[in-house]
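Q: Below: one structure in structure tokens.
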Amino acid sequence: MSLEALQQRLGYRFSKPELLQQALTHRSHNAMHNERLEFLGDSILNCAVADMLYGMFGKLDEGDLSRVRANLVKQQALYEIAQMLLLPDELRLGEGELKSGGFRRPSILADALEAIFGAVFLDGGFDAARTLIRKLYIPILEQVDPRTLGKDAKTLLQEYLQGHKIALPQYAVVATHGAAHNQQFEVECTIPKLEIRVSGSGASRRAAEQSAAKLALEEAHRLVPQLVKRSRAERTGKTRKQATPPDPQLSLRLKE
């Protein structure tokens, strides 16, 4: 198989192309598969991303750095990068896995990408692997907010309301639908001060709460600026009223 186009997309040329070929080989294809390279690449990825975050975000504490890193190295993030690199076209799969659509499976694509990182490390050393990882991740980091990346909707809503000194939302299950083994929960989220009342649904109470929180957060982002603007206008009006000096002519007329 020709790997020239993939090497161009990676921006790295292998001195041992067989390493790249192995990185793209699933265990269903033959014995020289990519699982050991994946194991190695996983560690390289975590180290390189940690180094990158440490240098880029000097104000984030250890907990936030760990949260951001976990979000960047999880399967979904790797899958999206693998899609961008057109890895589905390059995978070597066994016949059964190929027929079942393995080239579209997120886990297989994520594993192959980690294996590529491991292959680059063996071929060119840690600096080469780190350079590749930075090339792939810097554009992603430029588009995300590290303060919120990886936080769920309930957490984001709570932090947003606390930041504006608004009482926390209330959640209540208002309905359940379906058979016991396949229930759908409907949860209502209310924020009295903002007059927000929205509902979300999900296969579990937690999922339904997250769905409702996401909708409530969207509403809060729309309403809170209006509330702040109105509050400032009211304070400005009171200040002006208090600062207005008495009219001496009016005082004379009142005395008469």
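Positions of Cβ are set from backbone N, Cα and C atoms, glycine also.
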Q: Looking at Swiss-Prot, which one out of Glu38, Glu186, Glu188, Glu195 binds Mg(2+) in the same site as Asp111, Glu114?
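A: Site partner of Asp111, Glu114 for Mg(2+), according to Swiss-Prot: Glu38.
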Q: Once the chains shown are all counted, how many other Cβ atoms turn up within 10 Å of the Cβ of Asp42 (active site)?
A: 18
Q: I'd like the per-state residue tally for the domain 'RNase III' (3-125) from DSSP, helix first, then strand, then coil.
A: 88 helix, 2 strand, 33 coil
Q: Near the Mg(2+) site, what residues other than Glu38, Asp111, Glu114 in the same chain have a C-beta no further than 8 Å from the centroid of the listed C-beta atoms?
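A: Apart from the listed residues, the neighbours are Asn34, Glu35, Leu37, Phe39, Gly41, Asp42, Ala110, Ala112, Leu113, Ala115, Gly118.
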Q: Summarise the domain 'DRBM' (152-222) as counts of helix, strand and coil residues per DSSP.
A: 35 helix, 23 strand, 13 coil
